[in-house]
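According to TrEMBL, the protein has these features:
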type	residues	note
TRANSMEM	36-55	transmembrane segment
TRANSMEM	61-80	transmembrane segment
TRANSMEM	92-114	transmembrane segment
TRANSMEM	126-147	transmembrane segment
TRANSMEM	168-188	transmembrane segment
TRANSMEM	208-232	transmembrane segment
TRANSMEM	287-305	transmembrane segment
TRANSMEM	339-356	transmembrane segment
TRANSMEM	368-390	transmembrane segment
TRANSMEM	430-449	transmembrane segment
TRANSMEM	574-592	transmembrane segment
TRANSMEM	604-625	transmembrane segment
């Protein structure tokens with residue numbers, strides 16, 4: 001093993017290929033499989049809540065964002081466990097096992113046949129499926145969040161100090177694998193979900209959509225373990241986040257103890273920790289707190305951004321997925337985001353930013369983040385405009401306190417049809433009843449569910465390639481079945497007569513099909529809800545705006561945080577950044593559950609207005625922010641710490657004399673400049689000497 005500044009590293013058989021440690025190839029494959037697993041499961045999650053667990057849109061949205069928030073809270077826990085107790089390697093192993101178990105539990109929770117005792121395609125014990133799915137989501141959140149801060153850092157540990165170029169290439173490939181896994185999974189898992197599977201009845205295949213990500217997570221774990229003998233494993237050295245929290249806690253506690261006016265005030269409240277903690281650590285925490293203060297408005301951006309996986313996916317279910325060459329599933333629209341990221345990042349870095357700089361504009365990181373927030377707000381304005389177009393095509397459904405009943409009198413009278421209680425209102429919004437002489441086909445709005453009502457005096461059998469219905473007794477209806485959109489031929493027989501009926505079923509439509517006793521089919525058009533007609537392609541502008549906002553906001557924000565963080569505090573700011581994502585998702589949860597805005601377009605505009613307001617506040621905060629050079633500030637305090645006590649006294653006397661010679665300087669710079677001078681052959685950084693007048697600058701250097 002080799003002793004390094006960052007601690008001892010365990011012995012390993014180091015093998016290189018093309019100048020790179022072979023161990024990183026296991027890490028890259030591991031990351032690709034893990035990201036495929038996470039984003040693949042997440043792509044179909046909100047539809048699983050709505051159409052399998054039968055939750056309403058607000059509850060589905062709330063649970064979805066609670067899960068995402070938990071995924072961004074657990075990285076802090078994972079970092080503490082890895083740095084203080086288990087080390088990165090064992091933390092990744094243990095939490096990946098938890099992660100894989102969670103994915104398997106989710107796949108099992110989606111198997112409807114487990115509790116479908118009457119074999120009608122609907123689970124009879126929904127509590128069982130809800131409990132399993134919630135357990136699975138908690139385990140997944142612990143796993144994916146816990147390993148998030150460990151995998152990339154563990155990959156960086158595999159390189160020697162001289163391999164800076166290879167390390168940089170590794171992180172680029174690592175980021176590429178994240179986006180590749182996200183892109184492929186959001187294409188594949190919606191296709192798997194749209195398939196039909198089941199033991200007793202064929203339903204949408206959520207077990208397969210969750211099962212494939214579970215298999216990928218198991219593969220990820222196996223691949224990572226396979227490279228165990230080649231890894232460089234750094235021993236845990238203690239977590240800086242805990243140290244920072246303890247220092248802040250002591251400062252608050254000490255300040256509270258000395259709150260009396262008899263105690264002299266200190267320049268900064270963190271200075272109350274100087275009795276116990278090193279001055280350099282306190283200065284570093286001050287720099288971190290200065291950046292964290294800027295983070296306060298940031299959660300609002302994530303409030304809007306993460307709704308592309310919930311509200312926007314639900315919006316897509318009311319649109320026409322046929323865009324000509326292909327038919328898109330509602331949850332496949334999320335693939336637009338990773339495609340645009342891979343396209344826009346190089347365009348912004350190589351074209352847009354250099355062009356702005358050449359034009360003479362100071363497009364600083366904080367200004368970029370402000371623009372990113374504004375673009376996200378405009379994305380929700382675009383979503384509101386799309387929703388207005390959708391609302392024009394949707395039928396008027398009854399509210400929660402109302403019901404609709406359409407009666408079709410087919411030539412005969414005197415027959416009563418009894419509707420069993422609790423059969424209809426929670427499953428489909430508009431009820432059609434045909435009296436005598438007919439069969440009614442229902443395709444529930446925003447899904448492919450259908451069922452037949454037999455209004456004949458004899459039992460009827462109905463079948464098609466897409467679904468099989470049990471024998472329908474007179475004046476009763478069949479079970480619901482999944483029928484995909486497209487052209488379908490129904491074979492109908494009552495034991496004596498047999499006929500076929502062909503109909504093109506549109507996505508989101510409801511059809512009433514009546515068959516007279518002579519078995520010559522015809523359609524009663526007044527009872528038909530038209531298919532979705534607004535093209536799903538209209539969502540592309542809002543996805544473009546939100547992704548452009550993400551590239552300008554998120555990438556720049558991470559770069560800004562890294563540049564403004566002290567050398568040993570970058571993990572603290574990373575934890576703070578992830579915490580803003582979690583808070584943003586909690587805001588969605590609160591709005592979805594408390595606001596209950598009936599018009600979706602109004603909700604989109606509300607979020608857009610909130611982000612614009614926050615954008616204005618952030619721009620004001622950014623205007624007054626002074627950029628720091630953490631390395632220079634740290635070097636100053638390290639050099640002062642190395643000075644002998646007598647030299648410190650001489651230095652302080654010199655500072656006082658210098659300040660006294662500048663009494664007639666009436667203009668000071670707004671920003672602190674650090675001047676380097678030689679004092680007794682040692683480099684000393686004198687801060688807070690603010691000169692604008694050139695003559696006094698020359699006199700200052702001459703005096704020293």
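Using N, Cα and C of the backbone, Cβ positions are placed for all residues, glycine too.
Note: the stretches the transmembrane segment (92-114) and the transmembrane segment (368-390) are not in contact (fewer than 3 CB pairs below 8 A, sequence gap of 6 or more).
By the Cβ criterion (under 8 Å, sequence separation of 6 or more), the transmembrane segment (574-592) is not in contact with the transmembrane segment (126-147), since fewer than 3 such pairs are found. It is 36-55 that, among the stretches 36-55, 126-147, 287-305, 339-356, 604-625, forms the most Cβ pairs under 8 Å with the transmembrane segment (168-188). Of the Cβ pairs linking the transmembrane segment (126-147) with the transmembrane segment (36-55) and spaced 6 or more residues apart, 3 or more are under 8 Å, so the two regions touch.
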